């Protein structure tokens with residue numbers, strides 16, 4: 001009786017420790033996201049915390065600066081092209097890898113996943129050399145192509161995981177009833193994995209929208225939003241970056257909400 | 001009789017259709033494969049060729065002979081190891097919390113891990129600069145409460161780099177461990193407890209071994225990603241913390257020393273492959 005009571009008391013202590021520990025880690029994870037909010041609404045030209053007065057000054061600054069806007073639109077454009085290209089190519093790869101039976105499939109799978117494990121600095125250096133021979137350095141199309149390589153494994157992971165849950169029998173049944181292989185794929189299988197396709201496209205977009213190292217090598221000055229942010233952080237820590245940061249966090253929250261509503265499998269690597 | 005007579009023909013047709021389907025599935029991979037071959041694999045092979053240009057290993061000799069570059073490699077491995085260890089210590093209990101807490105709390109916790117995971121790396125790095133700087137929020141708080149007299153050096157040193165890297169990489173550890181923990185049969189722990197095992201014994205002899213595959217997967221991911229980290233050490237290290245990725249960028253962008261840079265790239269890739277194989281081997285011998 002006493003032993004059991006001691007056991008339950010010990011368990012409660014362990015539970016409290018676990019919750020406290022997790023709470024501290026959550027604080028550690030969220031704190032950086034939270035601090036940029038007050039600073040972005042600061043009226044001060046310096047990083048003061050807490051800000052002396054609040055205003056929308058730095059948001060206006062961002063919206064009035066063609067350099068920031070150009071970089072932002074270019075990043076959106078590159079992100080959209082990357083999302084479309086990576087989703088189409090990645091979905092085809094995922095269907096092939098999950099459904100197909102052909103020699104060398106295991107090797108192909110490892111090859112498709114390789115861009116995740118390769119440090120982006122190594123890939124950037126390699127791509128720079130290739131792209132410079134085709135005069136693609138400094139073009140947004142070149143960055144989009146390299147970002148597509150980067151996003152491809154993420155799409156294959158998300159779409160492949162969803163495809164494994166789809167019963168192939170429905171597709172076979174459609175074919176048995178006279179549908180062609182392609183029609184069965186298009187009208188039976190693809191609608192079933194639509195949530196994964198939505199998630200994959202958004203994940204590809206975000207991965208491109210955030211990517212810096214490739215854009216640093218293949219782009220030029222102020223080519224993409226992350227490059228512009230990197231330079232600003234390096235040379236002039238003014239609160240415009242805080243405003244940009246808040247806008248980026250808002251964008252991510254919107255994307256996560258869209259994925260939550262229409263998508264599936266937000267958590268990668270799991 | 002009529003039916004059996006028709007069967008072989010139908011079977012044959014189905015077989016040929018299956019064969020055609022197999023070919024079609026293989027062909028679906030072609031566009032993605034071609035893109036990867038041309039824009040991913042070819043440049044890497046080209047980079048490898050560049051590192052041994054003129055057929056000599058001179059660039060590799062330079063990498064390994066000078067204490068400088070070897071030192072940077074060791075520094076990178078040490079920092080990556082430290083970051084991995086911290087991620088494990090911070091993340092293991094958090095993954096357990098996510099897997100066992102009541103639904104509402106678990107969802108809140110997941111949000112706390114997912115939101116930073118999706119937030120731009122630059123936003124987070126910038127925020128750490130605001131927090132850790134000499135006039136940063138943390139130092140101001142500590143000085144104003146009288147805990148310290150002078151601001152602590154938190155930024156532009158290894159401490160800042162490690163904090164920033166742990167913040168970025170922690171979710172990569174938590175997700176795989178969490179996924180494994182969800183699948184652990186709770187009855188096993190209840191049985192061990194019922195047989196009189198104290199809590200820490202249950203943890204050490206039941207829970208930890210059962211969740212080890214997740215720990216190994218998460219640690220591998222964190223360690224490998226940490227080896228190639230560039231942006232966080234570049235900004236939070238302030239040029240004082242040297243890692244391989246920074247060295248490569250320096251050699252290409254400032255020195256235009258392509259030969260040495262490509263050799264450094266190859267050694268980095270080799271280091272990643274070796275650690276991947278080593279950790280995998282370690283995981284196998286643990287579970288065996």
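Just so you know, glycine gets a Cβ as well, placed from its N, Cα and C.
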Suppose you had to name the range TrEMBL annotates as transmembrane segment; which of B:159-180, B:181-202 would you pick?
B:159-180
TrEMBL lists transmembrane segment for one of the ranges B:72-92, B:135-155; which is that range?
B:72-92
Against which stretches of its own chain does the transmembrane segment (B:256-279) lie, if we need a Cβ under 8 Å and a gap of at least six residues from its ends?
47-48, 50-51, 53, 58-60, 62-63, 69, 73, 77, 216, 219-220, 223-224, 227-228, 244-245, 247-248
